[in-house]
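What follows is one structure encoded as structure tokens, with my remarks underneath.
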Amino acid sequence: MPASGRTRRFLTVASAAHFVLNMGIVAQAGFLGAVHTALIEQAGGGAAESLMLVAAGLGDVLGNLLAGWWMDRWPCHRLFAASAFVSAANLAVMPHLTGVWSMALASFLLMQGSGIGDCSFGALIWVARECGVNNDGMYTGMKNLGTCLGMVLIMVLALCTTTPRDYRVLAYAWSALCAVAGVWIASLPSPTAPKEAAAARAAPGAPSAIAWRETLVVCLGGALSAAVVGVFIIAFTLPATWIGTHASQRLLLALACVNLVGQFVVSPVMDKFPPAVVHVALLLISALGCALVCAAFLDASGRPSPTLMWSGYMLIGSALLTNFSVLFSFMSSLVNLSGARSSILGLGAATNPLIGAAAATIPLPAVMWAGCALLLVASAGVVVVLAVYGPAWLQKDKKEF
């Protein structure tokens with residue numbers, strides 16, 4: 001039994017709690033796509049869209065920074081529970097708000113949960129280590145599955161219970177789910193933050209150099225997470241602009257369903273293949289999907305080709321968001337993930353509303369999607385370089401310390 005006294009059974013319970021946590025506070029980002037038109041109308045019209053996305057981005061970034069700072073100092077489950085309760089309160093009142101500033105604040109609070117939830121992958125990896133488990137891919141995959149399932153349920157509820165101006169049933173249901181997630185995660189003891197990375201940085205000579213090299217690798221991981229989640233949020237929030245609200249809801253529901261199936265498939269695969277191999281394969285599949293969506297906007301009719309657009313979205317849904325949990329497993333196979341380093345990975349993902357806001361200003365969707373495809377191919381190249389050369393570079397001059 002590990003020194004902590006915790007077993008795989010505890011890890012399974014903790015993973016289930018993180019599954020519900022992600023389904024509540026991370027998947028709520030799906031509101032930005034599922035009821036996009038209603039949110040914009042509450043804010044006062046299309047001119048408020050960019051401001052709301054910027055506010056959402058700030059909430060995501062600041063939530064992530066807070067989580068990384070907190071996790072290294074105090075019991076992290078308390079923060080996750082607080083985030084869930086704040087999300088529950090915000091969702092309960094959001095349908096009744098009007099005006100650009102109140103909706104900007106609501107967007108900020110909506111996305112703080114996403115930022116904190118993204119950083120919480122590191123905490124689940126700590127739990128796995130305390131339970132004597134080093135291959136954590138299946139457990140982080142289960143956590144990410146909560147996000148995938150949550151997005152499916154949000155889209156189903158959006159299609160079945162909302163109108164272009166009323167989404168109260170969806171908001172109240174998700175408020176209750178966030179409250180349940182908060183109670184469950186608060187009931188579990190928090191894992192202990194690893195101290196090795198901070199101790200190594202403070203030590204003179206080789207230990208400090210190695211620790212800073214590890215941090216640089218994590219920074220590259222943050223760039224990878226920005227690419228992965230940024231492209232996904234573009235796919236999830238902007239279709240209504242191109243094909244209308246109802247058509248986009250059906251497209252996004254299919255995207256979320258394929259995303260859920262993809263995560264189901266990848267989680268057991270993580271036990272059989274190195275994280276880097278899975279990561280590269282998923283990135284290239286996603287890049288192909290982006291290329292197909294790009295081609296859809298080159299249709300001679302002037303309207304996006306439904307066949308190409310749906311084909312591209314299905315490939316994106318099957319692989320792209322699944323990359324996020326794989327990225328944490330890949331990074332944890334290279335370096336020791338402290339709270340601060342988990343925050344760096346999450347911080348890349350936290351920039352997604354800002355990336356979405358920038359993408360919304362590009363007048364030619366074909367150009368934007370071509371850029372997304374190239375970005376994902378470049379990201380796959382970075383993963384290959386890190387997998388091949390990273391371990392030797394990180395171990396350079398290493399001694400026992």
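Note that Cβ sites are derived from N, Cα and C of the backbone, with glycine treated the same way.
Note: TrEMBL annotation is automatic and uncurated.
Per TrEMBL, these features apply:
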TRANSMEM  45-67  transmembrane segment
TRANSMEM  79-104  transmembrane segment
TRANSMEM  144-162  transmembrane segment
TRANSMEM  169-187  transmembrane segment
TRANSMEM  215-239  transmembrane segment
TRANSMEM  251-270  transmembrane segment
TRANSMEM  276-298  transmembrane segment
TRANSMEM  310-331  transmembrane segment
TRANSMEM  366-389  transmembrane segment
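The transmembrane segment (144-162) shares more Cβ pairs under 8 Å with 169-187 than with any other stretch in the list 45-67, 79-104, 169-187, 276-298, 310-331. Below 8 angstroms of C-beta separation, residues 137, 228, 231, 235, 266, 269-270, 304-309, 311-320, 322-323, 326-327, 330, 333, 364-366, 369-370, 372-374, 376-377, 379-380, 383-384, 386-387 of the same chain, each at least six residues beyond the ends of the transmembrane segment (276-298), sit close to that stretch. Same-chain residues lying 6 or more positions outside the transmembrane segment (45-67) and placing a CB less than 8 Å from one of its CB atoms are 29, 32, 39, 76, 79, 83, 100, 103-105, 107-116, 118-120, 237, 339, 342-343, 346-347, 349-354, 356-357, 360-361. Remote same-chain residues near the transmembrane segment (310-331) are listed as 118, 121-122, 125, 136-137, 140-141, 143-144, 147-148, 217-218, 221, 224-225, 228-229, 231-232, 235, 251, 254-259, 261-263, 266, 270, 275-276, 278-279, 281-283, 285-286, 288-296, 337, 341-342, 345, 349, 369, 376, 383, 386-387 (criterion: CB distance under 8 Å, separation of at least six residues from the stretch ends).
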